[in-house]
Amino acid sequence: MDKFVVRGGNPLLGTIKVSGAKNSALPCMAAAILTEDEVILENIPQVRDIETERKLLESMGAEVELGYGRAQHRTHIQCAILSDPVAKYEIVKTMRASSLVLGPLIARTGIARVAMPGGCAIGGRPIDLHIKGLEAMGAKITQDHGYLEARTDRLKGAHIVFDKITVTGTEDLLMAAVLADGETLFENCAREPEVTDLAALLTAMGAKIEGAGTSTIRVQGVAKLHGARHRINPDRIEAGTFLIAGAITGGDLNVDCCDPSHLGSLLSKLEQCGVRLDVGKDAIRVRSEGAASGQLKAVNISTEEYPGFPTDMQAQFMALATQADGASTITENIFENRFMHVQELNRMGANITVQGRTATVRGRTPLESAAVMCSDLRASASLVLAALVADGESILDRVYHMDRGYERIEEKLRGVGAQIRRMGDVFGKK
Ligand SMILES: CC(=O)N[C@H]1[C@@H](OP(=O)(O)OP(=O)(O)OC[C@H]2O[C@@H](n3ccc(=O)[nH]c3=O)[C@H](O)[C@@H]2O)O[C@H](CO)[C@@H](O)[C@@H]1O
Ligand SMILES: C=C(OP(=O)(O)O)C(=O)O
């Protein structure tokens, strides 16, 4: 199992590039199920979850060519024949890919059999709202041996009001509605940029969608979709992680190839914290004097649906809060168990207590190197950030979590002066 060895103390200087968003790429790959034609996706990140989705699509009969190394990370997917519309547990158990293929599979083939997503380290991943929505569109859904089976002759348009804002639920049902008979009106939709990105691809494929990016989406179903070419949005969470890396190390870092318009709530919290930001069209320069200067100040954050503060940045912001003067409170409202980094940060010398959904971080505490364990994707990122300012050499175990969603993170960070190296089998060469 791979580990990272990180020696703290270097300010990060220079330019670091952001890859395409995994959380956009995964639904966009699933959208290729909706047509027999070829779908070409650019800016697909080279991360483990994308490999898993490739395996999943191939297991159903799709042809997938991941174009890493090619210009634009251009990827070709063709689902001319879907001989086996099944999302097998062995393939999807490490990610929520099964829920993302449910809608497109049933819309295209009239039948879908998908493994129910299991519990995940950060909390439950229920899909009751997906099921309710598909049933409202006329699907018959049964459950057996850990699998959901959905059948229909053709989905019908419906009026669906989400009880709760759900990103994957909005994406899944949107992919179902584009091939349904008639109009579907969705209310209380997720407004995340990843939903808008998916809607842009679907529109390029011939779908009729209005309102993506707002809480009301209207879809006029069409009989058939065609192939398209689409460029995946930059990863706002990777960009945010790099901004914090610049801020926490007292660096001067240009975070390039990002979309600052997707980062509003994070940028305002970083500014409140005392970090200097120069926001350009597709780059953000972050400057800070570092923790020792006393420049960083405690701030309170509370995770919310977009455009609120993203749950996917909570762990990384907590690492920064350990280096800010004063007490910060961090409230996690989306997932019930997304504080597993707390114990590991405390092992490095942080002073964090948790009560219910709120963590209180009392800073500033100098961090010391330690051997720590990555428990999930963003928790891993927070430990890397902490290790970049810790005194001495930290060893981060189980970095496979990080490989799910960050492309060549150690190479990118080394390129701007971090001392970080991978030990063990290199991801992608196994
Ligand atoms: C709103 C939100 O911030 N969603 C985050 C969530 O998306 P993800 O799509 O995984 O989760 P959802 O947005 O679907 O879930 C939001 C909330 O709704 C609940 N729920 C969801 C579906 C359902 O059928 N029933 C139900 O009760 C979930 O338990 C959760 O509490 O995790 C992703 C990975 O960390 C993040 O990128 C998303 O930003
Ligand atoms: C937890 C994440 O991903 P997933 O929802 O795919 O598990 C994430 O992107 O932070």
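A Cβ is built for glycine as well, from the same backbone N, Cα and C atoms used for every other residue.
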- Query: Which of these, Ile77, Ile330, Ile334, does TrEMBL say binds UDP-N-acetyl-alpha-D-glucosamine at the same site as Arg96, Arg125, Pro126, Ile127, Asp128, Leu129, Asp312?
  - Reply: Ile334
- Cα-Cα distance maximum in Å, computed over every pair in Arg96, Arg125, Pro126, Ile127, Asp128, Leu129, Asp312, Ile334 that the record assigns to UDP-N-acetyl-alpha-D-glucosamine: 22
- Task: For Ile334 (UDP-N-acetyl-alpha-D-glucosamine binding site), list the number of other Cβ atoms lying within 10 Å of its Cβ atom.
- Result: 18
- Message: List, in residue order, those recorded positions out of Lys22, Cys120, Asp128 with a Cβ under 6 Å from any atom belonging to ligand 1.
- Response: Asp128
- Task: Check the binding-site residues Pro126, Ile127, Asp128, Leu129, Ile334 for any whose Cβ is under 6 angstroms from an atom of ligand 2, and report them in sequence order.
- Result: none
